[in-house]
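**Q** Got a structure here, written out as C-alpha cells. Questions coming.
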Amino acid sequence: MTIRHHVSDALLTAYAAGTLSEAFSLVVATHLSLCDECRARAGALDAVGGSLMEETAPVALSEGSLASVMAQLDRQIQRPAPARRADPRAPAPLADYVGRRLEDVRWRTLGGGVRQAILPTGGEAIARLLWIPGGQAVPDHGHRGLELTLVLQGAFRDETDRFGAGDIEIADQELEHTPVAERGLDCICLAATDAPLRFNSFLPKLVQPFFRI
C-alpha cells in the first residue's frame with residue numbers, strides 16, 4: 001500500500017490533544033493504523049506533550065479523586081471478546097464500529113448503486129461508510145464544513161487528484177468536486193463531516209435530509 005495523501009499537522013495536533021470529535025478521531029485513528037509516516041508523526045507529538053506534562057508543576061488532587069478514577073476503570077473492564085477473523089478493509093480502530101465484515105454492516109442505498117452506513121459516534125459530527133461501485137460518480141457537491149474521506153478499498157478521482165487505499169482527502173468550504181470511483185474494484189471509504197454537504201443538483205438536495213448527508 002503506497003499512501004500519498006496524509007493527515008495535516010493541524011488535525012494530528014488536535015487528535016493528539018484529544019480535541020477532535022469522535023467521528024473525526026475515528027477517521028484519523030484508522031488512517032494512522034495504515035500509515036507508518038503519520039503514525040511516527042503522531043508519536044512525536046505525543047512525546048512533546050509528555051515532555052510538557054513533566055515540566056508542569058504538580059496539582060493536588062481533590063479528596064476521593066483516586067477512588068473515583070479506580071471506580072471508572074472497574075466499570076470499563078470487560079471480558080475479552082472471542083477471537084474473530086479481521087476484515088482487512090476494516091482496521092482495528094474501525095472494527096469496533098462495524099463488526100466482523102463490511103458486508104454485514106446495515107447498508108442503506110442512496111441511489112446509483114451507492115450505499116452508506118452511518119456509524120454510532122457521539123457529538124454533532126457524523127461518521128459513515130460509503131460503498132461506491134467501480135465507475136460510479138458521487139453527485140457534485142461543495143462543503144459547509146470539514147469533510148475527511150479515507151479510502152479503505154479501491155480508489156476514486158476528483159478534480160484534485162487520485163486517492164487510493166490508505167489515502168485521506170481533506171475537504172473544506174473551498175472545495176467543490178465530483179468524486180468518481182475507478183472502474184474495477186468497488187471503492188469503500190470511511191468519511192466524517194461536521195456539516196451537511198452542499199449539493200448542486202436538485203435530487204440530492206431533495207433526499208439529503210433523509211440520508212443525513
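FYI, residue positions are counted from 1 along the chain as it appears here.
Quick reminder: no glycine exception, Cβ is built from N, Cα and C everywhere.
The Zn(2+) 1 binding site annotation in Swiss-Prot covers His6, His31, Cys35, Cys38. Marked as Zn(2+) 2 binding site by Swiss-Prot: His141, His143, Glu147, His177. Sequence annotations record features per position, and here Swiss-Prot assigns region 'Sufficient to bind sigma factor and inhibit its activity' to 2-85. Under the heading region 'Required for response to singlet oxygen', Swiss-Prot lists 86-194.
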**Q** Of the binding-site residues listed here (His141, His143, Glu147, His177), which is spatially closest to His31 (Zn(2+) 1 binding site) when Cα positions are compared?
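**A** Nearest listed residue in space: Glu147.
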**Q** Given Cys35 (Zn(2+) 1 binding site) and Glu147 (Zn(2+) 2 binding site), what distance in Å do their CA atoms have, once rounded to a whole number?
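**A** Spelling it out, the Cα of Cys35 (Zn(2+) 1 binding site) and the Cα of Glu147 (Zn(2+) 2 binding site) are 19 Å apart.
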**Q** List the same-chain residues at least 6 positions away in sequence whose Cβ sits under 8 Å from the Cβ of Glu147 (Zn(2+) 2 binding site), in sequence order, or say none.
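**A** Correct list: Glu169, Ile170, Ala171, Asp172, Ala191, Ala192, Thr193, Leu197.
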**Q** Note the Cβ centroid of His141, His143, Glu147, His177, the recorded Zn(2+) 2 site, then list each other residue of that chain whose Cβ lies within 8 Å of it, in sequence.
**A** Gly142, Ala171, Leu175, Glu176, Leu197, Arg198
**Q** Rounded to a whole number, how many Å is the Cα of His141 (Zn(2+) 2 binding site) away from the Cα of His6 (Zn(2+) 1 binding site)?
**A** 22
**Q** According to DSSP, folded down to helix, strand and coil, what is His31 (Zn(2+) 1 binding site)?
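**A** In the DSSP reduction, His31 (Zn(2+) 1 binding site) maps to helix.
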**Q** According to DSSP, which of helix, strand or coil covers His6 (Zn(2+) 1 binding site)?
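**A** Going by the DSSP assignment, His6 (Zn(2+) 1 binding site) belongs to neither helix nor strand, so it counts as coil.
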**Q** In the same chain, which residues outside the set His6, His31, Cys35, Cys38 have their CB within 8 A of the centroid of the CB atoms that define the Zn(2+) 1 site?
**A** Ile3, Val7, Leu32, Leu34, Glu37, Arg39, Arg41, Gly166, Ile168
**Q** Restricting to the same chain and to sequence separations of six or more, state which residues have a Cβ under 8 Å from that of His6 (Zn(2+) 1 binding site).
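**A** Expected: His31, Cys35, Glu37, Cys38, Ile168.
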